[in-house]
Each structure stands twice: as structure tokens, then as C-alpha cells.
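If you check Swiss-Prot, you get these features:
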- Thr72: active site, AMP-threonine intermediate (ACT_SITE)
- Asp36, Thr72, Asp237, His238: Zn(2+) 1 binding site (BINDING)
- Asn93, Tyr154, Asp189: substrate binding site (BINDING)
- Asp189, His193, His336: Zn(2+) 2 binding site (BINDING)
- Cys254-Cys287: disulfide bond (DISULFID)
- Cys394-Cys401: disulfide bond (DISULFID)
- Asn24: N-linked glycosylation site (CARBOHYD)
- Asn107: N-linked glycosylation site (CARBOHYD)
- Asn155: N-linked glycosylation site (CARBOHYD)
- Asn175: N-linked glycosylation site (CARBOHYD)
- Asn202: N-linked glycosylation site (CARBOHYD)
- Asn259: N-linked glycosylation site (CARBOHYD)
- Asn327: N-linked glycosylation site (CARBOHYD)
- Asn386: N-linked glycosylation site (CARBOHYD)
- 20-407: topological domain 'Extracellular' (TOPO_DOM)
- 429-452: topological domain 'Cytoplasmic' (TOPO_DOM)
Amino acid sequence: MFGRVFIVAVLYCITICKGEDPTNSSTPKLILLSFDGFRADYLTRFPMPNLQEFMKEGVEVEEVKNVFITKTFPNHYSLVTGLYAESHGIVANRMYDADTKQVFHMNDSHSKWWDEATPIWLTNQKQGHRSGCAMWPGSDVSIHNTTPSDFLYYNHTVSFAQRVNHITTWLTRPNDSINFAAIYWEEPDASGHRYGPDDYGNMSGVLKEVDKNVGYLMSELKKANLWDTVNVIITSDHGMAQCSNDRIIKLNDCIGPGNYTLVDDNPVASILPISDTKNVYDLLRNCHPHMKVYMKEEIPDRWHYKHNSRIQPLLLVADEGWMITQNESISMLGDHGYDNDLHSMHPFLAAHGPAFRKSYKMRTINNVDVYPMMCLILGITGQPNNGTLSNTKCLLANQWCIQVSEAIGIVIGAIMVLTTLTCIIIMLKKKMPSARPFSRLQFQDDDDPLIG
């Protein structure tokens, strides 16, 4: 009897040490939700009561540094693979593969474009679980000949509520429920392009609807008794910069259209030269003061954007707020794709659930860091990736962590304490009376004199 009790006690302790709830032995569940084009500072510029409530009970990352180029498809694939664009192969929303001579558009469902990486929904399934995706870019493609266990083909007319309802149904099925879900929603990106992020009047209405969607998700999870057991991550792919019809760079003003093919444009243009590459480069290099031109091999290393055959020989990058076209005007007032160091390009991240701390705020992480964190939450072994788990450990409830600022504070504090103690010791030594010279030769009362 004592032996059985001892074994049960040991197993209980092991469960506690692993950071699991001993009253809930079910597989950890996780929802990843992306609101396309949700710029980080929207959180401080617009009222969002539901999202604020969500973060108050969970964690917030004020800015997420995304991957270059700061476009929809590259960043959504980075979130679910933990890879830079050059590594996962979805380098733009429009691509040309020099090896196969084929062109990719956003509605292309051929798996060859996606097979350079393995998204988390497939890794989760390969390790004995089930995944469900509602419109997440690439989730309706048979990647490595496999689709999510449950998924919806992309259809922009399907409402946010319908997408959430599918997910909650998949999560609560009695026998074959999913444990990982990914949801994509097109706003506020579509309206950000139309109005620009600085149009407070129009964008406030758009973001009010986005916040209502957050409230709907919270409500449905509570109705399904999932709120306290499911982990939810809300984030985005990129931000948005204010643009203008007065800030347009027309390439045909600098070079004849017969000299090149424009693979992708606005505000980062991929150029496939038809004539001599060096000649095209020289013509474009001095085209406009608000546009930088790079040979492929000269693309800055910090962008991790040169080691893939789908990246073209020339890359044109506009300054923030400027747009690149061949010859036409552009009606939209907001855009993204710019340098990923720009704050206007950064999204945010918020998370809630048993895996996360309560009321905790962090300044920044990289979006490739989200993947290893999700793998840890799900209890699966991830694929090789560019993310760093230690960057997100402070967000997690069962992980010990110390931020750089805290570490610096501890070091400075220790130095101050040691310095103070050293000064005190030196001062005390100075105050102590020193022995008189030759005191050892002084006669005591009972000493005999040397001379009688």
C-alpha cells in the first residue's frame, strides 16, 4: 500500500515539475489569430476595450519585428515556420522562380511554392495531433502532400464569426478535436490601404470592428468552456505607412520598359533585367533620391533576403511613404513592405491562456521567435528555424527568465554594493590608530634596567 502511494506521489511531483496542471491531462490547445495589417501603435491611438481586457489578463508585446519584405505572405509563413523569407521560400506576394520559369500569385495553390518549409500545423499532425486552419495563407495548399486536418478554402466573403465558429467546433469535437488552430482576418489591412493609417476618422471605425471581433472570439471561447484552457495568440503580419499620390516613383521615367521585367512592385520592387544587369542597375541607381537600388549580392545581411532563387537580380526599396510603379498612378493611401526596422511596419502581439503570464508587458520580440514558443506550448518538437526561444520565455508562466534590462540592473546594483563596501572598509582602516614606532623597545615596569 505504501509503495503505491509513494509511486502516485512521485508521478504527481513529476507532473508539477513539468509545469502541467495535474487536474487537466488533456493535450495543450493553441489558437493563433492574425489581423492583417494591424500596426503596433493602433493599440495606443484607438480605443480597443476588448483587446485591452484580453491583454490585462494575459501578456502584451508592444512591437514585433517582422521579416523583410514586410508583406502579407512572407510574414504569415514566417510566423508558422520560424524562418526568414529567404529560407522558407515565400519571398513576396508575387514571385518568379528562375529555376522553373514560373510565376506565383497570391491565389496560386501549387505546393511547389510552399514545400521549402514545413508549417506548424503539419509538424503538429506528424506528432500525433490534429490541426485546423481558417483562411491562413497557405493552409489550403497540400504542402508536402498534406493539408491541415480541418481547413477552409480561402474565401474573403466568409465572415469573422463564421471562421471562429468553425474553429470552436473543431476544438470541441468529442473524439477528433484539434489542438492547434490558425485564423486569418483581412482587416485592418484592407482599410489601411484605402484610407491610410493617419485617417483617424475612418480607421477608428475599422478598428472598432476589429475590437468587436476580439470580443466575439472571447465570448465564443467562454461559451464553449474553452476560455480557461485554450491558449490564444493575437498578432499580425505587418503595420502600415501613410502614402500619397505625390510620393510615387515611376520607373519608366528612368528606364525603358523593354529593358526589364517588373516581378513585384510597390514599395519593394523585384527587377528581372532583360538586357545587361549592370546597365539596368546603373540606370536605376540614380533614378530617384527616395529609392535605393541593390544588386542581389549587395542586399543588406540584416534583411536575410538574398539566398533564394526567387529573389531577383535587382531589388528596389522605396523610402517610407513612397511607392514604386512602372508608369501608373496609385489610388491607395497606405502601404507596407518597407524596411523592417521601421516602427510603422511593426505589428504587436498579445496572448492569453494557462501557458502565459498575467498582466505582463514586453517591449519587443522577432516574429520568427513565435514559432519555437508555440512548439513549446503544444509540446511538440519544431523544425529547424531562425527563432530564439529565450526571447519569449518571459511571456510564459512556467519559464524562469530575466530580461536584459533587469540583468543590467542587477549587475549595476552589485557593482554599487561592492563599491560601497570597499569604500567603507578603506575608511575604517584609515580611522584605526596605528602602532607607535619602536614601541616594542619600551620598558615595562618590571623590566630590569640595562645599566645598574
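Easy rule for this one: first residue shown is 1, then count along the chain.
Positions of Cβ are set from backbone N, Cα and C atoms, glycine also.
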Going by DSSP, is Asp189 (substrate binding site) part of a helix, a strand, or coil?
helix
Summarise the model confidence on the topological domain 'Extracellular' (20-407) as a single mean pLDDT, whole number.
95
Looking only at the recorded positions Tyr154, Cys254, His336, Cys401, His238 (Zn(2+) 1 binding site) has its closest CA neighbour at His336
Just checking: which of Thr72, His193, Cys287, Cys401 have a Cα that is within 10 Å of the Cα of Asp237 (Zn(2+) 1 binding site), counting only these recorded positions?
Thr72
Quick one: pull the CA-CA distance for Cys401 (disulfide bond) versus Asp36 (Zn(2+) 1 binding site), whole Å only.
30
In the chain carrying Asn327 (N-linked glycosylation site), residues 6 or more apart in sequence that have Cβ under 8 angstroms from it:
Lys250, Leu251, Asn252, Asp253, Pro257
Out of the recorded positions listed (Asp36, Asn107, Asn155, Asn175, Asn259, Cys287), which are within 10 Å of Asp189 (substrate binding site), Cα to Cα?
Asp36
Starting from the Cβ centroid of Asp189, His193, His336, the recorded Zn(2+) 2 site, name every other residue in that chain with its Cβ within 8 Å, sequence order please.
Asp36, Gly37, Thr72, Ala190, Gly192, His238, Met240, Gly334, Asp335
When the Cα-Cα distance from Tyr154 (substrate binding site) is computed for each of the recorded positions Asp36, Asn107, His336, Cys394, which gives the smallest value?
Asn107
Compare the Cα of Asn202 (N-linked glycosylation site) against each of the recorded positions Thr72, Asn93, His336 and report the nearest.
His336
Can you check which residues sit near Thr72 (active site, AMP-threonine intermediate), meaning Cβ under 8 Å from its Cβ, same chain, 6 or more apart in sequence, and list them in order?
Asp36, Gly37, Asn93, Met106, Pro137, Asp189, Asp237, His238
Between Cys287 (disulfide bond) and Asn259 (N-linked glycosylation site): CA-CA distance (Å)
14
Using C-alpha atoms only, work out the spacing between His336 (Zn(2+) 2 binding site) and Asn386 (N-linked glycosylation site) and round it to an integer in Å.
23
